[in-house]
Each structure stands twice: as structure tokens, then as C-alpha cells.
Amino acid sequence: GDILDDYLRTDGVWILTRNKQSYRTNNEKECAEKCEAESNFNCRAFLFTRKKLQCLTLAENAKMSVMFASMDAVLYEKRIYLLECKRGVGKDYRGTEAKTWRGIPCQKWAEKIPHKPNYTPQKHPNAGLEENYCRNPDGDENGPWCYTTDPATRYDYCNIPECEDQITHTGEVECMQCNGEDYHGEVSRTESGLQCQHWDAQEPHMHGFTMKHYPEKDLKMNYCRNPDGEPRPWCFTTSPTKRWEYCKIPRCTTRPPVSDPGSQCLSGKGEDYRGRIAITESGNACQHWNTQFPHKHGWIPDRYPCKGLEENYCRNPDGEKRPWCYTINRSVRWEYCTIPSCDGREQEIAGMNNVPIQVPLAEECYRGKGQSYRGTTSITASGKKCQAWNSMFPHRHEKTPDKFPDADLRDNYCRNPDGDNSPWCFTTDPNTLWEYCNLKRCDDHSQE
């Protein structure tokens, strides 16, 4: 994997540290290599400035030092030094716990009082024997330990939680489908081992994600959740220096049960809309979700496998008011789409005394001048989207359903209320008042 995968990245911050070394590098990867090779001290993190291409390797990280904003800087902290949990017997534990499970402070590894240690930083330079932090230099099966400051107790074990926190009380391994928006498990630690803050608490971090504001998001206890459409579940942490972090919850190996293929019309906010409309309400064509041009974005289909981000179809992956898309217009980043509403006609028909009703198929061609056309085409001959007849934006007009009650001026469907040559509509392009529609004349010899 990438060398940077071993680091946690935070943009726009700087940390005050006494012990550091400065290098000139071309990118973050080269700076990480300097950190790995650092011989002057134990490198826990590095800072990289994009403008000056300056690389600072640091002996401390944000858990140990003061952090403040700095626009141009990026902080990369070694994940191993942020973990406050142990993997296996904890031989690679590098956290800052410094007392035994009974609460007795640990003796510094470099000191000889009250106990003369067998394990010292000189004898074991790669075992992380710094300060008086709990460590496991000998691979003890009971986990990290330390020499104690109690003359009567030479050493004792430390209470370090397991990182594998994904086991439920029923003994089953927890996993998540998709992006974990339906995850209701009990993991309550972040991927670096920090304890999660309770959702109903406002300390150490104030926030708006409460049961009251998000009653359907199951914000119970301090369990990891995904109430806002992030790539995976997260939580606010109990560390004052780390506002929030993702949780490490594995993806389920079994696929979710196949539900319906999604709605072809708008119900609610349209989060389940899976139709093929790919044009915005002002007539801009949609940008493909798997491209980054003309607009760069984070809604990458591979990252969000259950959001239906296919082709350039309008979608609502983030709980917006209704489906939307990025546009191919450089000056318009994104816009809402106009999706026909699921107005429940099917249910009404089904409930009318169970009388079978034959709904005629709408014609997509017109006869004569098209005054009798009642189809659902809403695109002009040049590909522009039609403006709704009851709308006055972007064009004010007199052709309203009230004034032409027999012309069936529904939604934004092409019609011919005034006896023109063929069906037409006002367009959603502010520069084009109206156009004829993209319709053919029916073959007069066809059988009705």
C-alpha cells in the first residue's frame, strides 16, 4: 500500500513542537519517507506546507501538543501513535496510558528507581519504551505492562481496550451494508481507538446531531452512526483535540437483500429515485458521476455503492430537497432536476371498487396540428427542457391552465393550446422563449 496509508491526515492545522527537523521535499510522500528514516528522534508525525514545499518531521503529535489553524499546512500523524487500543497482545501499542489497571503510576523506562529494569530504551530501541507509557516489549500474552512506582510491586499490567471492538454481546461480528447508513450496531470507538462521545452530550464537542433533530437516525448511546451520508459511520470523540473520526466497521460479505429497483418518479425527497432523467430544471445536461470534469466532486460511484450513481442520471445521495446533479456547464456547479411526482394515481385506480380500468397509452406523435396531443414529451426540437405551464420562470406568459382549460396544460408537457403548426412549449432556457417540440406527425394510415 501507499506509505501515507499509515498516517492520519488533517488539513489546515499546525502543531507547536520543540523537537523537529526541517527538510525540503517535493510532496507529502517524500516527507513521509523522511519521517520513517528519522534518526534524531522517534518521528510521530510530519507537517507539509504546499506553497513552500517545506517538510517538518515531528517528535510529537496532536495528542501531545497544542494545535492551531494554518491554511497552507497539512498534518500527517502516524496512526500507530494515535491508537489507544491494542491489537492482539499489544506488542505494537504506542498509546499514552501510563498507569496500571489498579491505577498505580508507571515508572519511567529509563529510570532505575524504585525498580531496576531489565527492559530499557537502550537495550530495546524499537520497542517504544518512552516516558512511562505502558508497553509490551517481551510480547507478554497478557498485554502491555510497566514497572510501577510502588516499591512493593515491581510490574503490573495496564488496562488497554481491544481494537477489535466489533463483536456484539451476542457474539456475532458486526458489519455494515453500503455506507453504513442503516448500521445499528454497538461499536463505540473510532478507527484510532478513541472513545466516542455520547450523542446526547455536548462536551467536549458541541454539535447538532441529537435524537430530537434526527429521530430516525438511531443516535443511541455513543454508538457509531452515519446520520449525514458520510462514506461510513463515525462519531464525535471524547478527545478535546479530535472533534470526530470514522469508525472501523467491516463491510458485510453477504450482499443486502435485493429490494425493488427504485422509483421512477418522485416520492418524498427522491432518495430512492432511479429513473433516467439527466437534465436539470433550467435545461443543463448532467455531468457523469464517474467523471471529474468540468466539476470536481466527492460523489464517486465506487465509494457510494448503494446510491444509484449511474451514468449522469439525477439522484439524491445526500438527503437534499430533491434529486440533483452536477452540470456540464462550467459556470453552474449543480442544480436540482424536475422529476415527475408519484401522485398516487395507481393506488386510486386500484381502489375504485376493483373495477378494471384500461388506461390508454399516451401517443408520442401528433395528428393535424397536434391540438389533440396528450403525450408526455417535454423536450424541444433542439433538446431544451420545457418550462411548466403554470410557472412564470424563466418566462412570463399568458398560456396558463386557467385560461386554456381544454388544452390539458399539465406539468411541462408539449401542447398546442393556440392552434400553432405543431405542439410546442416555453423553454427553461432564459434566452429562448419557446420552441416546437421533438415530436413526429403520426402516420394517418395507422390503425387506431
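The backbone N, Cα and C atoms fix where each Cβ goes, glycine too.
Taken from TrEMBL, the feature disulfide bond covers Cys175-Cys252 (among others). For Cys252 (disulfide bond), the same-chain residues that are 6 or more apart in sequence and have a Cβ closer than 8 Å to its Cβ are Cys175, Met176, Gln177.
When other Cβ atoms within 10 Å of the Cβ of Cys196 (disulfide bond) are tallied across all protein chains shown, the result is 22. The disulfide bond annotation in TrEMBL covers Cys196-Cys235 (among others).
Sequence annotations record features per position, and here TrEMBL assigns disulfide bond to Cys224-Cys247 (among others).
According to TrEMBL, the disulfide bond annotation covers Cys265-Cys342 (among others). Other Cβ atoms within 10 Å of the Cβ of Cys342 (disulfide bond), summed over all protein chains shown, number 16.
Annotation source TrEMBL lists disulfide bond at Cys286-Cys325 (among others). Within 10 Å of the Cβ of Cys325 (disulfide bond) there are 26 other Cβ atoms, across all protein chains.
Around Cys337 (disulfide bond), taking its Cβ as the centre, 25 other Cβ atoms fall within 10 Å, counting all chains. Taken from TrEMBL, the feature disulfide bond applies to Cys314-Cys337 (among others).
As annotated by TrEMBL, disulfide bond applies to Cys365-Cys442 (among others). For Cys442 (disulfide bond), the count of additional Cβ atoms within 10 Å of its Cβ stands at 16 [all protein chains shown].
Residues or ranges marked as disulfide bond in TrEMBL: Cys386-Cys425 (among others). Neighbour list (Cys386 (disulfide bond), Cβ cut-off 8 Å, at least 6 residues apart, same chain): Ser378, Ile379, Thr380, Asn412, Tyr413, Cys414, Cys425, Phe426, Thr427, Thr428, Cys437.
The disulfide bond annotation in TrEMBL covers Cys414-Cys437 (among others).
Per TrEMBL, the feature domain 'Apple' maps to 1-80.
Feature annotation from TrEMBL assigns domain 'Kringle' to 84-163 (among others). Note on the domain 'Kringle' (84-163): its mean pLDDT in the predicted model is 91.
Per TrEMBL, domain 'Kringle' is recorded for 174-252 (among others).
What TrEMBL records for 264-342 (among others) is domain 'Kringle'.
Positions annotated as domain 'Kringle' by TrEMBL: 364-442 (among others).
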Report, as a single number, how many Cβ atoms besides its own are within 10 Å of the Cβ of Cys365 (disulfide bond).
14
Selected stretch (most C-beta pairs under 8 A with the domain 'Kringle' (174-252)) from 84-163, 264-342, 364-442:
264-342
Can you tell me which disulfide-bonded residues out of Cys224, Cys247, Cys265, Cys314, Cys325 are within 10 A of Cys235 (disulfide bond) by Cα, answering none if there aren't any?
Cys224, Cys247
Between C-alpha atoms, which of these disulfide-bonded residues comes nearest to Cys314 (disulfide bond): Cys196, Cys224, Cys247, Cys265, Cys342?
Cys265
So which disulfide-bonded residues out of Cys265, Cys325, Cys337, Cys342, Cys442 end up within 10 angstroms of Cys196 (disulfide bond), measuring C-alpha to C-alpha?
none
If you run through the domain 'Apple' (1-80) with DSSP, how many residues end up as helix, strand and coil?
16 helix, 36 strand, 28 coil
